[in-house]
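S.K.: First the structure, then my questions, so here it is.
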Amino acid sequence: EDAGDYKCVATNDAGVVERSLTLTLQSPPVITVEPVGTVVEAGATAMLNCQASGEPPPTIRWSRQGHPVVRDDRVTVLTNGSLRIIAAQKEDTSEYECVARNLMGSVLVRVPLTVQGGPSRAKGSIIGNINDIEFGVAFLNATVTDSPDSEAKVIQAKITNIPRSLGPAMRKLVSLLSPVYWTTAEEMGEAMNGFTLTDAVFKRETQVEFATGEILRMTHIARGLDSDGALLLDVVVSGHVLQLQAVADVRVKDYTEDYIQTGPGQLYAHSTRLFTVDGVSVPYTWNHTITYDYTKGKMPFLVETLHASSIATEYDPLEETVAFQIHASIAKGIYHTSVPGSTNPDVFVFLSADIDECETRDTCQHECRNTLGSYQCTCPSGYRL
């Protein structure tokens, strides 16, 4: 409290003289607003608050594991000293240091920032034909939230602009959403979902086969996240699906998908599952081939298993929309297939890419489908081998 403005006044018979001065008491910095550990979803804005007092007024600098934070379009230090990170990415996960410094010294406080493995939303377009019906452009919008009662992500999706002639059949096409729930699945242990592994940039080829002979092919192109943190997805579909009545009761069973690393930047996934129509079980299978930038690395395990549960589907003929809900998580899988030349299934011989037998013209007389370590010959719809 001694700091302030002072005045010295000298007087004698000849007159008066005075001088003014300011007394400043210098003090080292003290953190007055301390940053707290923060967890944000990928694509969201992270704000780390840090304010300090002292004399002279301290300057605030931010560093990351001892290295100065580089400012750019996403990363900014505000005038009040706070660090703002727009469209947070998983690479932003780190420990940050707020350093307040003046002539009397400095003070440092550390704070962790965690950017969670998946987008909070997804959006995209679907084009193509199903059962020889061109449906123009359908639109996909999905939200991803944490399950309140289980270790899983909840994906709620709606596909709009679906013709009434196709709506009932599309209730069972959960595979349309496979890139969404694989990208955002809750990561169990050290398992990686699609976002952590690929940064949501990949191509996914899917083939669905029904026990009644219909085959549907899909190509999914994931183009990363937009500025709002939404997964951008384009889908092209072509082929046939089992026809269903609009009033049929369709229910999709819980299922799993096994993801196998077949080479650098290459995954193979497959699943066998059932859905019921008016209580009657109908089996069908699908498989996926996924390619991504090999420099992103590989899965931490040879096999990862995705669990999909609590699946609900509904078609609204008035709005021409199909609504889906899925709970998804991904964990370390079990490698069931023996590895040629090795008795140890953990040997990472999968770094040698799978051979595509279908590249040979005479492999099959009809249609050839490549699988992990093998291939299958199939017929067009309506034919059999």
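For all residues, glycine too, the Cβ spot is worked out from N, Cα and C.
Small disclaimer: the values here were computed from a predicted structure and weren't measured.
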S.K.: Which residue in the list C364, C368 does TrEMBL annotate as forming a disulfide bond with C358?
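M.R.: Recorded partner, per TrEMBL: C368.
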S.K.: Enter the number of other CB atoms within 10 angstroms of the CB of C358 (disulfide bond).
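M.R.: Excluding its own Cβ, the number within 10 Å is 16.
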S.K.: As a quick check of your reading of DSSP, tell me how many residues in the domain 'Ig-like' (1-24) are helical, how many are strand and how many are coil.
M.R.: 0 helix, 18 strand, 6 coil
S.K.: When the pLDDT values for the domain 'Ig-like' (1-24) are averaged, what is the result?
M.R.: 93
S.K.: Mind checking how the domain 'Ig-like' (29-114) divides into helix, strand and coil residues in DSSP?
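M.R.: Within the domain 'Ig-like' (29-114) the tally stands at 3 helix, 49 strand, 34 coil.
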